[in-house]
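Worksheet: one structure, shown below.
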Amino acid sequence: MEPIDPNLEPWNHPGSQPKTACNNCYCKQCCYHCQLCFTKKGLGISYGRRKRKQRRRTSESSQNHQDPVPKQPLSQPGGIETGQKKSKKEVESQTTSDQFA
């Protein structure tokens with residue numbers, strides 16, 4: 001075993017760092033390359049910054065080109081309509097007779 005130089009920092013000691021640089025490969029050999037590779041690749045833990053997901057903003061020009069929603073009459077609820085409908089003449093005759101009562 002080689003004697004350790006007390007003047008060197010622990011991360012610069014011989015054998016403390018692998019001979020090859022870290023890479024982006026996720027094979028088994030590269031996952032066990034060093035402790036950093038193992039935590040990043042093997043365990044999937046990274047302590048870097050998280051990128052914010054940007055929201056899609058609509059530009060002002062695209063908002064001007066939007067067509068307004070046309071107003072449509074409310075649809076009648078479905079069902080048997082024969083009993084609900086009365087002729088206009090019946091309704092008019094009832095309203096005129098109610099006015100004189």
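Backbone N, Cα and C atoms are what each Cβ position is placed from, and that goes for glycine too.
As given in Swiss-Prot:
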- CYS22, HIS33, CYS34, CYS37: Zn(2+) 1 binding site (BINDING)
- CYS25, CYS27, CYS30: Zn(2+) 2 binding site (BINDING)
- LYS71: ubiquitin cross-link (CROSSLNK)
- LYS28: N6-acetyllysine (MOD_RES)
- LYS51: N6-acetyllysine (MOD_RES)
- ARG52: asymmetric dimethylarginine (MOD_RES)
- 1-24: region 'Interaction with human CREBBP' (REGION)
- 1-48: region 'Transactivation' (REGION)
- 22-37: region 'Cysteine-rich' (REGION)
- 38-48: region 'Core' (REGION)
- 48-101: region 'Disordered' (REGION)
- 49-86: region 'Interaction with the host capping enzyme RNGTT' (REGION)
- TRP11: site 'Essential for Tat translocation through the endosomal membrane' (SITE)
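Sitting within 8 Å of the Cβ centre of CYS22, HIS33, CYS34, CYS37, and not among those site residues for Zn(2+) 1, are the Cβ atoms of PRO18, ASN23, CYS30, TYR32, GLN35, LEU36, PHE38, LYS40, LYS41.
A Cβ distance under 8 Å defines the sequence-distant neighbours of the region 'Interaction with human CREBBP' (1-24), meaning residues of its chain 6+ beyond its ends; these are 30, 33-34, 36-37. With a 10 A radius on its CB, CYS30 (Zn(2+) 2 binding site) counts 17 other CB atoms from all the protein chains. Counting residue by residue with DSSP, the region 'Cysteine-rich' (22-37) contains 7 helix, 0 strand, 9 coil. Within the set of recorded positions HIS33, CYS34, LYS51, ARG52, LYS71, the entry lying nearest in space to CYS25 (Zn(2+) 2 binding site) is HIS33 (CA atoms). With DSSP states grouped into helix (H, G, I), strand (E, B) and coil, the region 'Core' (38-48) comes out at 5 helix, 0 strand, 6 coil. In the predicted model, residues of the region 'Core' (38-48) average a pLDDT of 83. Cα separation, HIS33 (Zn(2+) 1 binding site) to ARG52 (asymmetric dimethylarginine), rounded: 30 Å. Same-chain residues at least 6 positions away in sequence with a Cβ under 8 Å from that of ARG52 (asymmetric dimethylarginine) are not found in this chain. According to DSSP, LYS71 (ubiquitin cross-link) is assigned to coil rather than to any helix or strand. Nearest in space to CYS27 (Zn(2+) 2 binding site), taking C-alpha to C-alpha distance over the recorded positions CYS34, CYS37, LYS51, LYS71, is CYS37.
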